[in-house]
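Some notes on the structure that comes next.
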Amino acid sequence: MLIPPINLHAWIEEHRHLLKPPVGNKCIQQDGFIIMIVGGPNARTDYHYDEGPEWFFQLEGEMVLKVQDDGVARDIPIRAGEIFLLPPRVPHSPQRAAGSIGIVIERVRLPHEQDGLQWYCPQCNHKLYEAMFPLKNIETDFPPVFDHFYRSLALRTCSQCGHLHPAPERYAAVED
């Protein structure tokens, strides 16, 4: 049975209150493609690794897509009305401004593929930690990996320069 068309503007207005921290992300379809509406602000310090491409369409406001490009950290600004196709296997960290709303489309993962979350030292860009896992549900699979990294001083301390990667406030009292 075919799913009827979704009035995207009406959907956003009806669900705008859900497109805010701490999650800010709502999946509207998962049949062949994962289609998400994402709102800002956010303050992610992780980089997502996806075996497939990701398509970004910025509807309202602006975002910066931080990427690791051949070992170099780069910023790619994406403004309202702009689209960007991120190639497969490029670590990326979406930074969304307050009040911004965008669409992200990813393909459903193939059975053998794994997603990853990576963290890099903000001082010297050395990779601090990487976790690879089969992604089933982006809203429930990411938080345990975030918890593992942010609760560990050892994982957050750069072996190259000694800098301690910052953790969100909610982790301040639970560090090892």
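Any Cβ shown, glycine's included, is placed from N, Cα and C.
As recorded in Swiss-Prot:
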BINDING   R44  O2 binding site
BINDING   H48, E54, H92  Fe cation 1 binding site
BINDING   E54, R96, E106  substrate binding site
BINDING   C121, C124, C158, C161  Fe cation 2 binding site
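Distribution of Swiss-Prot features across the structure.
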| residue | record | Cβ neighbours (10 Å) |
| --- | --- | --- |
| R44 | O2 binding site | 16 |
| H48 | Fe cation 1 binding site | 20 |
| E54 | Fe cation 1 binding site | 21 |
| H92 | Fe cation 1 binding site | 21 |
| R96 | substrate binding site | 26 |
| E106 | substrate binding site | 21 |
| C121 | Fe cation 2 binding site | 19 |
| C124 | Fe cation 2 binding site | 11 |
| C158 | Fe cation 2 binding site | 19 |
| C161 | Fe cation 2 binding site | 11 |
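Cα of E54 (Fe cation 1 binding site) to Cα of C158 (Fe cation 2 binding site): a distance of 29 Å. Residues E54, R96, E106 are recorded as binding substrate; their most distant pair of Cα atoms lies 18 Å apart. The shortest Cα-Cα distance between C161 (Fe cation 2 binding site) and any of the binding-site residues R44, R96, E106 is the one to R44.
Classification of H92 (Fe cation 1 binding site) by DSSP places it within a strand. Distance between Cα atoms for C158 (Fe cation 2 binding site) and E106 (substrate binding site): 31 Å, as a whole number. Excluding the listed site residues C121, C124, C158, C161, the same chain places P122, Q123, N125, H126, L128, S159, Q160, G162, H163 with Cβ atoms within 8 Å of the centre of the Fe cation 2 site Cβ atoms.
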